[in-house]
Each structure stands twice: as C-alpha cells, then as structure tokens.
Amino acid sequence: MSRCHLSVVLTTFLMLQLSLFLGRGTADAVIYDWRLTPVMTAFDGVLLETLGVNDKPCDEAIIEVKLGQEVEVRVTNELYNSTCLHWHGMKQLGTQEMDGVSGFTQCFIEPNTTALTDIYHTAPTFGPALWDTIAINNRGRFNCTAAAINNLTVCSTDQPLTTYNFQAGKKYLLRLMSLAAMAPFDFSIDDHEFQVIAADGEAVQPTGLINSIFINAGQRYDIIIEAKNDTQDSYWMRAKGLTGLPWIARSSDTGLPGFNDEGLANVRYNTASTSDPTTKQCEEIVTVNEFDFTPVLPAVLPTTPSDRSIVQFNITALGGVISLDGGEYYSLEIPDQPPLLTISNGSSTTDLPASANARALEYGKHIEVVVVNSMNEQHPFHLHSHVPWVVGSGQASAEDIYNNNLPPSKLEGMCTLCHLVEQMQMAPV
C-alpha cells in the first residue's frame with residue numbers, strides 16, 4: 001500500500017496555542033492571503049508531497065485573532081485538484097456557504113482559481129489523505145523497514161520529535177485534538193497528572209487529577225497540567241493507538257507491516273538536553289469516562305424527541321455508502337449544483353437526488369440522530385452549524401436500534417460535543 005498525501009490530515013495532532021503565522025488587518029477584521037501549494041516534507045522521516053500554504057508546511061499557517069474580530073481568508077488553489085476549506089467547531093449559522101463541504105454547501109475552489117472565504121480547515125477531495133504513522137504536532141518516526149516495503153526510499157531513522165520545554169512549577173494549557181481516522185488514542189505524559197477543563201470546545205467542570213485521557217477520532221480536549229518542581233529530566237508524551245473492543249473490532253496485528261502504534265513527543269525541563277527520555281508509562285491508569293464530564297452550562301433535554309433519524313454507514317474499498325432510516329444504501333455522489341444553492345433557489349429536499357443522502361428536518365425541533373457503524377473501525381461524525389448532545393453509546397442489534405429498544409439516554413448533565421463519534425449506537429460486527 002502506497003503512502004500518498006493530498007492534504008496534511010494528522011493521525012494525532014497536539015497543539016499548544018502558539019502564534020506563528022500572522023495576517024494583516026484592522027481592529028475588526030484580519031485578512032489572510034493563502035496559496036494552497038504542494039510542498040515536500042518529511043514529518044515522520046519519510047519524504048513525501050503534502051499540502052502546504054504559501055509554499056510552507058500548512059502547520060505553520062496559524063490564524064491569530066481576537067474575540068469578535070472577523071476573519072477573511074483569500075484562498076488561491078494551486079493544487080492539482082479542486083478543494084475547499086471548513087471551520088471545525090464554528091457554527092457558521094447564516095454563512096453555511098462558507099463552511100464546506102465541496103459540492104454541498106459551497107462550490108469547489110477549482111485549480112488556479114481564487115475564492116474569498118471565512119473558513120479554515122482543508123478537506124481532501126480525492127485519494128488517500130491519511131498517514132500510516134502516528135505523529136504529534138507533525139512529528140513522528142515511521143518504520144523505515146516498512147517504508148522500503150512500500151518503495152519509499154528516503155526515510156530517516158532519527159527523525160527529530162516535537163519537543164515541549166516546561167518550566168518547573170508552572171501550569172500549562174494543552175489543547176489535544178485527534179485528527180485521526182479508524183482508531184482512538186490514549187494520551188498521557190509519563191509521571192505527570194492533569195485536569196480536563198473543556199471537551200470539544202465546550203467548558204466542563206475541572207475533573208480530578210488523572211494521568212490518561214482516551215481521545216476518539218475527531219474529539220478535542222483542553223487540559224491543564226502543572227509542571228513538576230525541582231527536576232531537570234525529560235519525559236515522554238504519548239499518543240497510544242487503541243485496538244480491540246470496545247475501541248475497534250480490529251486487532252493490532254492487522255495493520256501495515258512495521259506500523260508503529262505509539263506516537264511520541266518530548267517534554268523537557270532542561271533546554272540544553274538533546275537526548276530522548278528514558279521514562280516509562282504509568283502502570284495504573286487514572287482517567288475519566290467521556291460521559292462523566294459535568295458541563296459548566298448544564299442542559300435538560302426533552303424526554304421524547306420531535307423526530308428520530310437513523311444513519312447507518314459502511315466504508316469499503318469502493319467507497320462509502322449510507323442508509324437513512326432503513327432505506328437503501330447509496331454511495332455519495334457530488335451533485336451538479338450544491339444542494340444549499342439548489343434549495344435557496346426554490347427547490348425542496350425531495351427534489352434532490354437519492355445519492356445526495358438528504359434528510360429533511362423541521363426548523364426548531366429536537367432531533368435524535370442514531371449513527372450506526374457497520375465497520376470494524378471508528379469514524380468521526382460532526383454536524384456542520386450545530387453542537388449536538390451525545391446522550392448514549394454502545395453496541396446493539398439492528399432490530400433493537402430500529403425498534404428503539406435501547407438503554408435510556410443520558411438527558412441531564414450531558415456535554416454539548418461538536419464531534420459525534422459513531423460509537424453512539426454501534427451494531428455488532
């Protein structure tokens with residue numbers, strides 16, 4: 001299997017809030033001029049073509065704004081394929097045409113064309129866009145033996161890893177983002193404890209001290225970690241891929257030859273040190289369940305929803321298929337015109353082709369969406385322009401799902417999570 005990059009979609013992305021790439025603007029608006037360009041990078045030691053911004057790796061394209069400012073991004077597509085951008089975690093209510101996905105809520109940005117947009121987050125249009133490695137902030141170490149098997153001849157065995165310099169006694173805010181597909185991660189820093197203060201951008205009551213947090217594909221957590229006192233040591237930061245039930249139905253030995261299932265970064269107290277840490281992961285895991293967070297602004301949902309929709313999906317080598325409410329499976333086909341534009345021109349949902357997988361909802365109603373995963377792996381879901389409540393997760397038979405014979409949902413004290421992981425109601429495989 002070859003390793004092809006059409007965009008920088010990281011297997012694991014841990015970001016400290018640093019500002020490296022500034023735009024120009026006024027007190028009320030910040031303007032960025034971006035050219036989407038192919039660049040050669042070796043983030044995990046393997047030299048490959050990836051997506052870049054202004055001829056630099058796109059992780060250097062950081063947007064910095066103040067609360068209340070307007071952001072304009074002038075995007076020129078110098079790639080080989082059409083593309084679009086999308087804001088993750090931003091509702092974009094009333095500006096859905098600025099929020100991806102290509103061909104549905106907005107038109108493609110064709111090669112060698114420019115669009116003015118209020119969006120940020122690249123989305124690949126064609127081809128594989130995932131790495132076969134686990135990287136933290138764009139740095140990892142791919143197995144060079146596996147690289148050779150895939151005819152990748154340029155591979156470094158001593159690729160530098162991401163380093164975070166801690167000062168003794170200080171507190172740090174880390175925003176963890178899993179930009180993964182297929183599997184979750186166990187995040188930890190050897191011999192350190194931390195508290196979770198936000199989940200998917202929504203504030204939660206600070207948890208007790210834990211030493212591990214499980215992050216599903218597409219999820220985000222904000223954590224506060226207090227640096228140790230009186231130490232000059234270095235410690236491993238870990239993102240360990242999780243396999244087997246209840247995470248995924250696939251075992252770890254079914255991956256690519258030589259696949260390294262643990263991403264590493266260096267937490268260093270002595271900035272003069274250049275050696276890798278020798279620390280070990282804590283044997284006793286202390287964590288918090290994703291349904292045990294307490295939101296700062298709690299909500300109570302209606303006992304009976306106004307509408308209920310079942311979305312069942314599967315992804316094969318030929319592409320993805322989706323069934324809505326027990327209907328036929330359809331493979332997504334990009335319409336000739338974005339449905340948002342079609343409907344704004346006077347058409348209705350029923351006028352859209354079945355391959356658009358469109359579902360009409362009544363404005364202002366409370367909708368229960370049951371996402372059923374028929375795959376062995378995870379896949380993230382999120383609803384553009386919405387912040388849903390995740391009220392249940394587990395395994396169930398198809399009969400119980402369609403007959404609504406499921407365990408009671410958590411309707412009080414739930415979190416408003418922006419990313420809906422498809423474990424919500426997962427049929428056995």
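Numbering starts at 1 and runs along the chain as displayed.
Glycine is no exception: its Cβ is also placed from the backbone N, Cα and C atoms.
Sequence annotations record features per position, and here TrEMBL assigns signal peptide to 1-27.
The domain 'Plastocyanin-like' annotation in TrEMBL covers 50-115 (among others). Averaged across the domain 'Plastocyanin-like' (50-115), pLDDT in this predicted model comes to 83.
Note on the domain 'Plastocyanin-like' (128-241): DSSP counts are 6 helix, 48 strand, 60 coil. Residues or ranges marked as domain 'Plastocyanin-like' in TrEMBL: 128-241 (among others).
Summarising the annotation, TrEMBL assigns domain 'Plastocyanin-like' to 336-400 (among others).
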Could you give me the DSSP helix, strand and coil counts for the domain 'Plastocyanin-like' (50-115)?
6 helix, 22 strand, 38 coil
